[in-house]
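Copied from TrEMBL, the annotated features are:
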TRANSMEM  12-30  transmembrane segment
TRANSMEM  77-97  transmembrane segment
DOMAIN    89-216  domain 'Glycosyltransferase RgtA/B/C/D-like'
TRANSMEM  109-126  transmembrane segment
TRANSMEM  132-150  transmembrane segment
TRANSMEM  171-187  transmembrane segment
TRANSMEM  199-219  transmembrane segment
TRANSMEM  240-260  transmembrane segment
TRANSMEM  275-293  transmembrane segment
TRANSMEM  305-323  transmembrane segment
TRANSMEM  329-352  transmembrane segment
Amino acid sequence: MHFSQQTSHRPVWFWVAAYVTLWIIVSYGLDPTVPYDAVEALNWGKTGEWGAPKNPWLVGMLMYPVIAFPDLIAADFYWYFIHFTGIGIGMCGVWYLTHRLTQRSDYAWLALLSLNLSGIINFDLIPYNDNYILVTFWPWMLYFFVRAVYDNPAWWIGFALTSGLATMGKYSTLALTGMVFIFTLFVPKARESYRSPWFYAAIAIWFALVIPNVIWLMNNDFAAFKWVDSQIKTGLTLKTTGSLFTVFYPLIIIAVIIRLKGGRFGWPEEQAKRLINIMILAPLAVIYVWFTFHQGGRITEWLQPFVLLCIPALICSVVTPPVKPLKNVMNGLIVFAVIVITGYAAVMGFNIRDAGQKNIGMKTFTAEAESWWEQETGKPLKYTGGEYLHEWVTFYGKHQPETLQPWINEFGHDYRATNIYNLHVTRDDIRRHGALLIGKINRTCADEPFTGALEDWPDLVIVKRKQVVYQSQPGAKEEAVCLGIVRPEQ
């Protein structure tokens, strides 16, 4: 492929579509179970609220297709589908952003293919229910910002949609949006936007997306912010510096390659490139300083989405183009992408270090528990409650049963908030449909009080119990778990 001679965008779409399709097939076919974040997202979607205990509303809303059509769409397939579809959209955004800033197809391809050096566009992103939303929208945010300021103010609408949706995926987006607001105040070219009606329409759209969550936060004691605060403690840590290297090592590799090819880096002359660099570097500097003096934060998780922005920013900072062609480098990056997906498939397929069987017992346990319920009641399972394992039943159950856990948001000596909860269930619902209660792992029926469910619904009557064996994965310890039935009305 002659990257520098490409004028059509079709090869970009073909590469991204092929990449996304292969990763959906491999991850869905070989991953033993979804991460816990998938359980969170599905249950948050079921509440239908404008917020969640850890995130804004978009994380749950994106699970609506599975909630609406549980018999048509497998929840675990949809998890991989939505993740890699979002990744593909973000990858296209990287190409278009770099191409707009440099006006060079080879640089745009280099930015796109350099993403293969990072796990952020494949296995590193699967465990998160929010970061993939940032990967989807962040590159397009920057692209629409540049187009709005330097091409046509109508592009502010695109910026409002992408930034608003990204903010409703994860609040860290406010760092980038805040930088744009500062630019419109102090950069003359950006300040011209205040003369355009498109800019005010964009502001209205952005607030329309965000205000419902602000109201939810106010009505729920700012639960998401308190959860973040509960995870962080003041204290110096070197983990932040180490995380910078583990996340941004692709930039080091690309910088070395460009230098070896005769290229040179510097502060770009074009204002658009400078603004993009500032827009990325300023929030990163704040995050780095904050997490250097605060322990317990998920610093790697916070930094990962910035990779998609930093690679275009790095390439846009090339002030002396490489004198040697980049074709071999980009061909090598394509080969590396093949090696990564092949290696991932091999690790999962051959179950190296139990990666291909991790927590697969969740599926077996759910099937056994649900089967027992149907044998005893003759009805589909609608409600489940109790200890930790019941949360997985809400995901892997055939009919996506709902949890009995009500909403709790308390800030005492230790912050306590319900993560998986049900706003709508009533005692009459439970009496009508019954419920499957699941006890604590490694506790027999003789010792199981089902406190996790009965403390919220003390009048429930357990009519039958069964002790089963739970094994998280082959070779793991076999542990007792007690099941209990609250029989539905006849």
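Cβ atoms here come from the backbone N, Cα and C positions, even for glycine.
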Write out how many residues of the domain 'Glycosyltransferase RgtA/B/C/D-like' (89-216) are helix, how many strand and how many coil, based on DSSP.
107 helix, 0 strand, 21 coil
Which residues of the chain, 6 or more past the ends of the transmembrane segment (77-97), have a CB below 8 A from one of its CBs?
12-13, 16-17, 19-20, 23-24, 27-28, 31, 34, 38, 41, 62-63, 65-66, 108-109, 111-112, 115, 121-122, 125-126, 132-133, 135-140, 142-143, 146, 308, 311-312
Positions on the same chain near the transmembrane segment (275-293), where near means CB under 8 A and six or more residues out
101, 142, 145-146, 149, 175-176, 179-180, 183, 187, 190, 234-241, 243-244, 267-268, 299, 302-303, 306, 309-310, 312-313, 316-317
Based on Cβ pairs under 8 Å, which of the stretches 12-30, 109-126, 199-219 lies most in contact with the transmembrane segment (329-352)?
109-126
How about long-range neighbours of the transmembrane segment (305-323): same chain, 6 or more residues beyond its ends, C-beta under 8 Å?
90, 93-94, 97-98, 101-102, 107, 110-111, 114-115, 118, 120-121, 131, 134-135, 138-139, 142, 172, 247-248, 250-251, 254-255, 258, 261-269, 273, 276-277, 280-281, 283-284
List, by number or range, the same-chain residues at least 6 past the transmembrane segment (12-30) whose CB is under 8 A from its CB atoms?
76-77, 80-81, 84-85, 87-88, 91-92, 95, 108-109, 112, 121-123, 126, 337, 341, 344-345, 348-349, 356
Whole-number mean pLDDT, the domain 'Glycosyltransferase RgtA/B/C/D-like' (89-216), equals 98
